[in-house]
Each structure stands twice: as structure tokens, then as C-alpha cells.
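Input: a single structure, listed below in C-alpha cells.
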């Protein structure tokens, strides 16, 4: 599974459970105009519940990862008597017959045969030789054991092995009877050992009210070090791999351990029969990678909004949403009023909304467990009412929440409407200190004059052809010069060679 598909999978789950947003909890905010330069520390991505005012308890949780399709190895051991019968009547010839009769195997003998196979000293007795006596019927037998590798499946909910050849289809022991009563299945593994291969132990912190053993546990949640959140709301108790534990609404299961989890476990209802548990998908490394990737993307989007503000470019509601904190607690809040960007300080609380367009921003205050409206301060700006961090009330009277691309929001026409957001220049701020015009960017495919582009292309080819021609002429001249040198050297050697007299000239003397 790729990272992008995993992000989409997480967003799909979140959309089914509600969209989390962070809203200011305070009603009286002191607004001040934003001063240039806009120096703002972009918030990191959190997407985690608000932990403000809640008690924290460190604990170690044991939770199943993805159960692989690997089977549990073992052996089928079969025992039988191999008989040879000799029928030698006084009145006729000998008749030899062979037969195999299954018997119940013994565990010790099966283990001995398995060890012999592992050591490479297997024995095959086969049928014994016949033993014939006149006027008699004689039978000789060998007890033969056969073992073959055979893997079965682990069923973690019931904590047993399953195979269609088992009596009843399931077994919990290291030695299991098979159909026919003449074969047994033997393994060195145990259910606990196989389950332990898929159970991971991770540190976490449980937040919430003091666990008093009543319905207040529903507001508690656990955040582990891999940023996974386990909410106790809608949880139930069930066994998994023969261990008591708590199954959460999103499918996660954690083993009941001593302390706080035991108190909560005893007060949650039991799960209905057939309840399934989901393992962690994907692995821990990819979970951390996705979390860090979201951090980088949202930080980049926030920095883009800061650049627009300092250059006094027009902003959209989506741009302002990138400045909003991604985690509860103390932080900055922004709004546009009369064309001026203003900033204040507040405490954020996480609530969940059904979608990007809602009637009101209602939610439950975790500090009081009371439901209330968190924001009702709207400033008229043209045809819409500006709220906070890009949240506004549109022409339809409904509240529009600009969910950014990380939260997979729906961008409508009003969200894309750009508006001027002036900021007040600081008297000691020199705008010339930051000039993007001074930064050189190489040509990266931007549009230009097509005539100039063609002329540059043709002139470039002309220069290349001229260089190629000059290189070719130089190579030809060098070749001719080498040939001349070789010819001159040959002629000089020939002129120095002494003349020889023939036998005819010597005979005339």
C-alpha cells in the first residue's frame, strides 16, 4: 500500500466518524492588526485530541499487528501394519498377499520418526518378506510410521488451530487427533507463542478524567508513540488469543493489563458474538512516515500563506486556514475585518463536525462535559460574514469550514473568493531587504516569445554545425600530415640502403 493510498484510507475512516476541527474556546479575544513583517511560527500537524486539562497516565499497551497469512507448521503422523500373508495349502501352490491395516499411532513413536527424518536417517520397512510353511497360512507384519509436513491455520479469536482434517475442525493442543483415528497432527508451537509473534508492545499515554469505574471512561483515550489514538467511547470487552482485552470502536484491540486498563475493562460492556478485530495497517515505519509527511506539507502551505501576507497579495479562506493550529491548547487566531488582517490569542478545543458546511459550531467542552456553541462572532465582509481562520458564514446562512487539502475538504466558489488583507508596516521594516526579484531562477519552461525561441533554436544549430565543420577539417589535415610524415620516413630509409651486385655482373669481370 502506497503512502498516498494510506492517507486516503485514513481520511475515509475520519469522514465516517466526523471531521475534527479546532475552535477557539474563549469568547473575549483581544484583536490586534498584524504588523509587517509577519513573523509567525507555523503550527505543526497534530490531528490528535486535545489533552488540555486532562490527567495523563503512562502505560504499556499490547495490541495486535496485521496477522500474516503464514501457516503454523507441523506434521501428520500415520501408523499402519503392513502384512505379508503366505497361504500354502497341502493340495496346491503358494499364494502370497499384501495388506495394510491402519492403527492408532503413539506420540512417542511419531516424535522419534520426526527426529529421524530431521537427522536424515529415515527408515522404510515396507512389507516384510513372506514366511511360508507347508499346509499352513502364515502372516508376518511390520508396524510402519509415515510422517508428512502439514501446516494449519491459527484462529486468534478462539485461540486455537483450525484445519478441515481435525476432529471438529479445531484443536488447541500440540498433539491433535485427526479424522479416522489413525493419524495425529504434531507441532512444537503453541497458540500463545504464535499469537506473541503478532502482538506488539508499545508505550503510550492515557488521557482523560480520573477513571472512577463509571461511564466517565468514555471520554478517555490513549495516544501511543506512533501517534495512534485509541478512544474508549463505544468500546467493549472481548478475548483475543485467549487474553482479555478491550476492543475499540475503530477495530483496535489492546490487552487488559494491571492498573487503569483493568478498571476500565471491568466497566465496559461485552462485545457481541462475531466481533472482529483489526490489526495495524500498515507497519509502524510507514505510520511515522505519513505523520511526518503531513507535517511537511502543512508547514509548506502555511509558509506559502505567510509569503502572500508579507507581499500583501490577496488571500482566500483556504489560505487563512493554513495558519490555524492543528492541535488543541493555546495558540493564535486570525480574522479579516474591513480589509485588515487581525490576530489574537485564544485556547483551542477540538470538536467534530458532520461536514464542511454546518448550521452552528456546537461541541462538548471536555472540561465541563457540557455542550455549547463555541463561536458566534461574525463580522460582515461584503456578502459573507468572516469568522476565524477562514471560517465564515455564507449567503445561505450556513457556516463554511475551509478544510485544507490534507483534510480533503470540498472547495466551493466562496472559499476560492480572494479578498485583500492589508497589514500595517513596521516603521523600522525595510521592504527592500527581502526582494524575490534579486533571486535568480533558471528557465524552467515558462512561456516566452515564440519568435525569439525559434531564432535562438536556429542560431544554436548554426553554431553547432560550424563547430562540427571546423573539427572535421582539422581532423582531415591532421590525417594528411601523418600520411606525409610516414611517406617521407619510408623514402629516407630506402635512399640509404646499399646497392647489391648481381651474379651476371660478377661473371663479366
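From the backbone N, Cα and C atoms, a Cβ is placed for every residue, glycine too.
Going by Swiss-Prot, these are the annotated features:
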- 42-302: disulfide bond (DISULFID)
- 77-110: disulfide bond (DISULFID)
- 86-132: disulfide bond (DISULFID)
- 171-176: disulfide bond (DISULFID)
- 195-241: disulfide bond (DISULFID)
- 236-271: disulfide bond (DISULFID)
- 28: N-linked glycosylation site (CARBOHYD)
- 181: N-linked glycosylation site (CARBOHYD)
- 338: N-linked glycosylation site (CARBOHYD)
- 362: N-linked glycosylation site (CARBOHYD)
- 369: N-linked glycosylation site (CARBOHYD)
- 488: S-palmitoyl cysteine (LIPID)
- 496-505: motif 'basolateral targeting ex vivo' (MOTIF)
- 1-18: signal peptide (SIGNAL)
- 19-461: topological domain 'Virion surface' (TOPO_DOM)
- 483-509: topological domain 'Intravirion' (TOPO_DOM)
- 462-482: transmembrane segment (TRANSMEM)
Residues near residue 176 (disulfide bond) in space but at least six apart in sequence (CB under 8 A): 161, 166, 167, 184, 185
For residue 171 (disulfide bond), the number of other Cβ atoms found within 10 Å of its own Cβ: 20
Cα-nearest neighbour of residue 171 (disulfide bond) within the listed disulfide-bonded residues, 42, 110, 271: 110
Cα-Cα distance linking residue 28 (N-linked glycosylation site) and residue 132 (disulfide bond), given in Å to the nearest integer: 111
Cα separation, residue 28 (N-linked glycosylation site) to the residue listed as 'S-palmitoyl cysteine' (Å, whole number): 105
Spatial neighbour of residue 236 (disulfide bond) that is closest, considering only the recorded positions 28, 42, 195, 302, 338 and their CA atoms: 195
For residue 271 (disulfide bond), nearby residues of its own chain (Cβ under 8 Å, 6 or more apart in sequence): 236, 237, 238, 247
Collapsed DSSP category at residue 302 (disulfide bond): helix
Cβ neighbours within the same chain of residue 241 (disulfide bond) - under 8 Å, at least six residues apart: 64, 156, 159, 191, 192, 195, 199
Fewest Cβ neighbours within 10 Å, where candidates are the recorded positions 42, 195, 302, 488: 488
